[in-house]
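K.L.:
Pasting in a structure now, in structure tokens, and then I'll have a few things to ask.
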Amino acid sequence: MKLSDIDKGTYAAVKFDDSTLDMFQALQQIMELFNPVPRDKLHSTICFSRVKIPYIPLTEKMPIGSTHKLEVFEHNGKRALVVLLDSPYLESRHEYANILGATFDFPTYNPHVTLAYDIGAMEIPKHGVTGNPVVITHEYTEDLDLNWKP
């Protein structure tokens, strides 16, 4: 890592296999979300660090856990609908990033997948989501983009 890279930050996340993407899209459709996250953008964040770390992404396809429940994350006046994941794998990879010196902007890490970035005043849907298997195809990293908008 070069000294000039330190202020770039590190973003690390996972992408899902087709069966997992199909399941998330089916949830979006059943809930009739107004502006769902597109299939190619569905992911789960591992690390959102304002400092660059030497994170090494894993590239193997594997099951990493299961869906747990729906929740709304309120942030910057928006109400994002997420599926919380029961994933010791994601928790351990987040801890790996912390050991490498990653920063984190929130008090706790909650593995999740965002289904819609803003559901407005919509109530949390009552659909059961517990226990669906979640399989990733790979992890990836990129420089942190502090200007990113959904």
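Cβ from N, Cα, C; glycine included.
Checked Swiss-Prot, it gives:
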ACT_SITE  His43  active site
ACT_SITE  Thr45  active site
ACT_SITE  His112  active site
ACT_SITE  Thr114  active site
BINDING   Tyr11, Phe73, Glu142, Trp148  3',3'-cGAMP binding site
BINDING   Tyr11, Phe73, Glu142, Trp148  3',3'-cUAMP binding site
K.L.:
List, in sequence order, the same-chain residues at least six positions removed whose CB sits under 8 Å from that of Glu142 (3',3'-cGAMP binding site)?
P.N.:
Tyr11
K.L.:
Rank the active-site residues Thr45, Thr114 by the number of other Cβ atoms within 10 Å of each Cβ and report the first-ranked residue.
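P.N.:
Selected residue: Thr114.
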K.L.:
Within 10 Å of Phe73 (3',3'-cGAMP binding site) (Cα to Cα), which of the active-site residues His43, Thr45, Thr114 do you find?
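P.N.:
Neighbours among active-site residues, in sequence order: Thr114.
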K.L.:
Identify, among the active-site residues His43, His112, the residue whose Cβ has the fewest other Cβ atoms within 10 Å in this structure.
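P.N.:
Lowest Cβ count within 10 Å among the active-site residues (His43, His112) is His43.
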K.L.:
Hey, does DSSP put Thr114 (active site) in a helix, a strand, or just coil?
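P.N.:
Going by the DSSP assignment, Thr114 (active site) falls within a strand, counted as strand.
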K.L.:
Could you give the Cα-Cα distance between His112 (active site) and Thr45 (active site), in whole Å?
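P.N.:
The Cα atom of His112 (active site) is 8 Å away from the Cα atom of Thr45 (active site).
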K.L.:
Go through Tyr11, Phe73, the listed binding-site residues, and name the one with the sparsest Cβ surroundings, counting other Cβ atoms within 10 Å.
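P.N.:
Among the binding-site residues Tyr11, Phe73, the lowest count of other Cβ atoms within 10 Å belongs to Phe73.
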